[in-house]
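One structure below.
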Protein chains: 6
Amino acid sequence: MRPSGRTADQLRDVKITRNYTKHAEGSVLVEFGDTKVICTASVERGVPRFLKGTGQGWITAEYGMLPRSTTERMGREASRGKQGGRTLEIQRLIGRALRAAVDMKKLGENTINIDCDVIQADGGTRTASITGACVALVDALRYMQEKKMVKTDPFLHMIAAISVGIYKGSPVLDLDYPEDSSAETDMNVVMTDAGGFIEVQGTAEAAPFSQNEMLAMMALARSGIEEIIELQKKALAE
Amino acid sequence: MRPSGRTADQLRDVKITRNYTKHAEGSVLVEFGDTKVICTASVERGVPRFLKGTGQGWITAEYGMLPRSTTERMGREASRGKQGGRTLEIQRLIGRALRAAVDMKKLGENTINIDCDVIQADGGTRTASITGACVALVDALRYMQEKKMVKTDPFLHMIAAISVGIYKGSPVLDLDYPEDSSAETDMNVVMTDAGGFIEVQGTAEAAPFSQNEMLAMMALARSGIEEIIELQKKALAE
Amino acid sequence: MRPSGRTADQLRDVKITRNYTKHAEGSVLVEFGDTKVICTASVERGVPRFLKGTGQGWITAEYGMLPRSTTERMGREASRGKQGGRTLEIQRLIGRALRAAVDMKKLGENTINIDCDVIQADGGTRTASITGACVALVDALRYMQEKKMVKTDPFLHMIAAISVGIYKGSPVLDLDYPEDSSAETDMNVVMTDAGGFIEVQGTAEAAPFSQNEMLAMMALARSGIEEIIELQKKALAE
Amino acid sequence: MRPSGRTADQLRDVKITRNYTKHAEGSVLVEFGDTKVICTASVERGVPRFLKGTGQGWITAEYGMLPRSTTERMGREASRGKQGGRTLEIQRLIGRALRAAVDMKKLGENTINIDCDVIQADGGTRTASITGACVALVDALRYMQEKKMVKTDPFLHMIAAISVGIYKGSPVLDLDYPEDSSAETDMNVVMTDAGGFIEVQGTAEAAPFSQNEMLAMMALARSGIEEIIELQKKALAE
Amino acid sequence: MRPSGRTADQLRDVKITRNYTKHAEGSVLVEFGDTKVICTASVERGVPRFLKGTGQGWITAEYGMLPRSTTERMGREASRGKQGGRTLEIQRLIGRALRAAVDMKKLGENTINIDCDVIQADGGTRTASITGACVALVDALRYMQEKKMVKTDPFLHMIAAISVGIYKGSPVLDLDYPEDSSAETDMNVVMTDAGGFIEVQGTAEAAPFSQNEMLAMMALARSGIEEIIELQKKALAE
Amino acid sequence: MRPSGRTADQLRDVKITRNYTKHAEGSVLVEFGDTKVICTASVERGVPRFLKGTGQGWITAEYGMLPRSTTERMGREASRGKQGGRTLEIQRLIGRALRAAVDMKKLGENTINIDCDVIQADGGTRTASITGACVALVDALRYMQEKKMVKTDPFLHMIAAISVGIYKGSPVLDLDYPEDSSAETDMNVVMTDAGGFIEVQGTAEAAPFSQNEMLAMMALARSGIEEIIELQKKALAE
């Protein structure tokens with residue numbers, strides 16, 4: 001039995017609110033149950049130095065948590081003077097995942113800055129961030145097309161992410177915080193709408209996991225991501 | 001004529017939403033028109049070193065802006081590795097203002113950490129922060145009374161804040177961003193519900209201001225703050 | 001009775017020594033009683049990036065205290081690796097105040113760097129800094145005229161600053177450290193020689209203050225600043 | 001055909017030299033072809049604050065590259081004043097992997113600091129680091145047993161790691177730099193000597209990967225890790 | 001011929017002003033010609049962690065330059081967020097030199113913090129700092145004896161320092177900035193009043209130097225330091 | 001008697017291994033007994049800003065120690081976020097010494113970055129670094145001549161360094177850690193193959209030293225450096 005009473009393959013309520021704030025070219029509030037993340041996509045002309053003159057664009061991501069998005073207040077990274085290792089690891093993952101969704105040549109020498117800021121955390125903030133950010137990214141690309149900043153749509157495919165894990169010996173989908181903090185294995189999966197894998201990160205937290213457990217988790221992830229991509233597309237159709 | 005069409009003494013729509021996020025002892029979303037700030041008050045046992053053994057409590061504040069809360073994306077302070085001067089100045093102001101609302105002896109050796117995070121900016125973020133944080137503070141103090149962390153209510157008086165200014169030669173209340181960015185004078189005022197001043201910070205942006213202009217701005221501030229304190233009290237009564 | 005025996009409207013001895021050090025274009029030692037600050041104005045061709053090509057100049061300020069300028073030794077900010085919030089707040093105030101004294105268009109694309117370094121502190125270091133720096137600024141502008149770096153004098157008006165406060169219930173002028181550390185209200189005022197206000201920053205330290213108290217403090221400030229501006233002009237005439 | 005002429009399932013020459021430097025309790029030079037990493041395990045009494053009084057130990061890891069371990073010289077992280085995201089991500093991975101090899105309760109309130117410093121890089125530095133560090137860790141645990149710092153051997157199982165990938169459409173084992181820099185997919189796998197997975201991190205670099213590709217990579221990893229673990233055990237038997 | 005017209009073995013005017021600022025236990029303005037440094041010695045109970053419980057004291061030093069103490073304005077180290085290598089090198093030298101002047105056991109578990117802040121630079125700031133700081137140190141030790149913080153005088157011997165060099169082929173004493181910036185060799189010497197060497201640091205700036213040149217420079221340094229120690233003792237006798 | 005049983009004028013075994021790592025233009029492992037340092041010289045087109053357009057080149061050096069190169073593990077500077085004063089002092093010394101070996105005009109607008117990384121420390125790491133780095137530098141200059149990056153050989157003369165000291169009252173050559181940590185005086189000497197001095201840094205650790213002691217140490221240094229330069233030249237001839 002899961003603490004939330006969900007079945008093993010049941011997602012939390014997933015909500016995607018577009019245009020959540022008014023300044024960004026793409027701005028989404030994504031909610032996976034009590035996990036809430038503001039994802040913005042900001043369009044900027046020009047690219048980092050290592051890409052200048054190549055004709056290619058760039059997508060980069062930053063991630064943060066409000067100090068009291070968590071059960072206990074965390075120190076503010078801006079005030080401590082550096083981002084922690086977990087933050088850097090997550091924002092590198094978000095950036096890699098979203099770059100896989102876009103044709104950098106078609107993007108031209110433009111940069112899209114993704115910001116994912118967790119306002120309430122209850123497990124799965126990195127996968128929620130990728131899921132919400134991909135919707136914000138589509139809005140930003142639409143903006144660029146309207147403004148004639150790109151000639152053709154640089155979007156390759158929708159991307160979504162979910163966490164799966166082994167909890168009390170059984171594979172489960174979309175772990176919330178009570179599950180996440182005591183799972184034996186934790187795995188984050190990023191996939192495309194065509195079913196290809198972009199990223200698979202499985203970690204044994206309490207005991208090594210087997211190939212069979214891994215396959216069971218991947219199957220759960222695949223079905224969960226299919227559901228989420230439907231929700232992304234529905235939100236974008238509104 | 002003000003860009004928003006408001007009269008000189010008219011506030012923007014002010015909304016105060018309590019329990020906006022679930023983890024903090026006090027959590028408020030405060031909105032002044034399009035300016036939106038999440039204010040949380042986090043209770044922590046113990047005090048900073050300089051107060052240990054004094055029997056007195058402490059209130060401290062931190063302030064941040066989401067990178068795309070503004071028209072142009074700002075660099076993330078956590079990633080640049082330091083908080084800017086403006087941020088530090090604002091969070092020092094918020095901390096001072098809220099300390100003036102509480103009897104530190106009655107608070108006992110406990111600390112309340114105030115976090116004000118701007119998710120959308122349209123002028124007046126520091127005064128909105130103080131206004132929202134004071135409501136979150138009251139909720140945190142109620143929590144402490146329920147948990148018997150304090151013997152008697154340490155709250156002294158409600159505090160609210162507003163900006164006033166000289167815009168195109170006339171005193172106006174509650175400047176939004178278009179006004180703020182071209183005002184001749186900008187003044188932030190913090191007052192108690194008894195009409196006492198906690199902080200007055202007036203700055204000539206384009207031209208020196210006169211004592212009469214200052215008095216006119218203070219009168220506007222006083223009436224605006226009275227209105228806001230009504231809204232705070234109404235929110236707290238729900 | 002004030003600890004120093006001064007009357008409520010009496011300044012400490014104010015001394016302004018020009019050409020205090022030999023390298024800077026403007027270099028002043030300013031003393032308000034035992035408070036001693038070295039203020040230099042350094043002329044530099046060029047402006048920060050945000051002003052390039054606008055034809056306008058810039059004035060910026062930095063503030064520091066020698067570690068043992070205070071009763072207890074303070075940690076050296078250079079060694080701690082960052083400037084504290086108080087330092088940043090003060091240097092932002094000094095910069096704003098001095099920019100109000102100069103016509104940036106007439107300054108052309110040149111920068112004046114103000115440095116205010118407290119060698120001995122006894123209250124009122126920020127207002128002494130503004131007062132001394134304005135004299136150093138005039139010397140730097142004279143240097144620029146001699147060197148034909150500007151066509152016409154960019155100076156608009158003399159600026160001076162003073163602190164006032166409510167000490168033991170009474171408004172007093174020019175607080176020294178014993179008064180400052182126990183005042184109920186502390187207010188810093190920056191004015192022009194024409195009597196216009198550049199900055200008014202009043203803070204309730206122990207109790208809210210009333211509008212009447214504010215007016216009384218402002219009247220003291222006005223008369224004190226008039227006296228100080230006389231001394232600045234006398235120093236500049238030598 | 002692989003650039004090195006190796007078959008798809010062929011490791012580079014792997015060498016493990018124990019007691020490489022003289023001060024550390026465990027000190028190993030590990031070589032995977034031209035990739036060379038010095039791995040030390042340093043024993044320290046006491047644990048970080050969050051474990052004090054729990055009776056449990058801790059293992060933590062740091063990773064670095066000499067500036068000219070790479071084709072182009074990289075800036076020195078100590079001189080830039082911070083470790084990059086890649087470094088933090090890798091050292092978090094190394095620490096997690098090695099903690100999975102040890103029973104923290106049996107370790108008692110002691111800390112083992114793992115340092116992995118790359119002196120020459122040619123692909124696969126993070127997996128070489130884990131492989132070498134596990135040998136250094138065993139030496140450090142032997143030291144602790146000799147010194148009676150632990151009552152029973154805290155070692156759970158040998159851990160080794162290898163990278164696999166899809167290179168020009170085919171799964172290959174142990175990518176060197178020329179392969180790594182143009183692989184379609186890159187996957188790092190950490191396993192125990194009992195064949196359990198500790199960590200699986202697969203990343204699509206150029207195109208999404210399929211489940212079949214993933215399974216093929218995992219099979220390669222399994223056989224490679226078996227070979228490596230033989231080498232670790234042989235080195236430890238000398 | 002030296003730019004200043006001095007003979008090869010002639011010091012600049014050296015002035016030592018005690019009690020230059022009022023808060024420090026020892027406070028000296030030291031002048032070597034146009035080089036002016038404020039040196040303070042601050043007494044503090046307790047010692048750094050590595051000395052706790054040893055019964056020994058500690059002396060440490062920090063060095064800084066006001067941004068416009070130099071011909072061109074230098075960036076403020078506090079604002080850049082770190083002390084440069086030159087600063088650290090100098091303050092390590094000052095600390096070592098002054099520790100050689102005091103019996104750490106007799107000092108007991110107390111710390112003396114030396115601060116040397118250059119307000120005007122014209123060559124030789126590090127040697128002027130050591131010379132002035134030693135006088136401030138004596139005043140601080142006298143304070144400690146008066147306050148019964150030490151039982152017997154911990155002072156071992158007077159220390160002074162001077163720079164010498166090879167300028168246009170000839171050995172000269174006490175280089176000013178015009179000499180220092182074009183000398184072939186630069187040497188800083190710290191000696192005791194008994195003629196023992198504490199530190200000798202010779203650096204070839206333009207060409208290697210010979211042993212004979214070194215001996216000539218050392219002879220100049222010896223006679224210069226004798227003169228300076230007379231001035232220190234005279235200042236302390238006043 | 002020296003702890004190692006060496007005579008007063010006896011070097012430790014000195015080994016110089018060229019081409020120690022494969023990427024750098026010059027790469028040397030230098031060993032003085034148990035002290036082992038990897039020295040690389042990296043060639044880079046272009047110069048720092050202050051030399052642009054002058055036609056001159058630059059040589060700069062960085063120094064680091066692996067955390068467990070020492071008896072007790074030291075904190076990693078990259079992780080603490082800054083290089084310590086000792087590190088900066090040493091790398092400044094290495095840079096100065098090597099710049100003295102090269103004609104900067106003949107080097108043209110190219111930079112050579114020297115990296116000295118201590119993998120095992122047993123006293124004398126800074127002098128071993130200079131000695132090894134000079135050999136790596138020669139290899140880098142040969143590379144530049146082959147690649148036609150310079151027209152004529154910019155090398156001026158071989159440079160080597162050694163530490164000498166007063167240990168238990170007697171002058172000794174090439175102190176190892178047991179000697180270094182209890183010597184009365186410690187002196188580092190850098191010389192050219194023509195017998196000129198580049199740097200002499202003598203420090204009284206426990207007692208002032210006399211001119212005679214200094215001369216005795218210098219004589220030891222001279223003979224030791226002659227021996228070392230033979231070894232450098234032999235290594236370069238292979």
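Each Cβ is built from the backbone N, Cα and C atoms, and glycine gets one as well.
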For the phosphate site that TrEMBL assigns to F:G124, F:T125, F:R126, which of F:R76, F:R80, F:R86 is also named?
F:R86
Minimum Cβ neighbour count within 10 Å among the binding-site residues F:R86, F:G124, F:T125: which residue?
F:R86
Cβ-Cβ distance under 8 Å, sequence separation of 6 or more, same chain as F:R126 (phosphate binding site); the residues meeting this, in order, are F:Y63, F:I90, F:L93, F:I94, F:A161, F:S163, F:N188
Can you give me the residues near the recorded phosphate site, meaning same chain, not F:R86, F:G124, F:T125, F:R126 themselves, Cβ no more than 8 Å from the center of the site's Cβ atoms?
F:Y63, F:I90, F:V118, F:A121, F:G123, F:T127, F:A128, F:S129
Reported mean pLDDT - the domain 'Exoribonuclease phosphorolytic' (F:10-140):
97
What does DSSP give as the helix, strand and coil breakdown of the domain 'Exoribonuclease phosphorolytic' (F:157-223)?
17 helix, 30 strand, 20 coil
Would you measure the largest Cα separation among F:R86, F:G124, F:T125, F:R126 for the phosphate site and round it to whole Å?
13
Summed over the domain 'Exoribonuclease phosphorolytic' (F:10-140), the DSSP helix, strand and coil counts are 42 helix, 43 strand, 46 coil
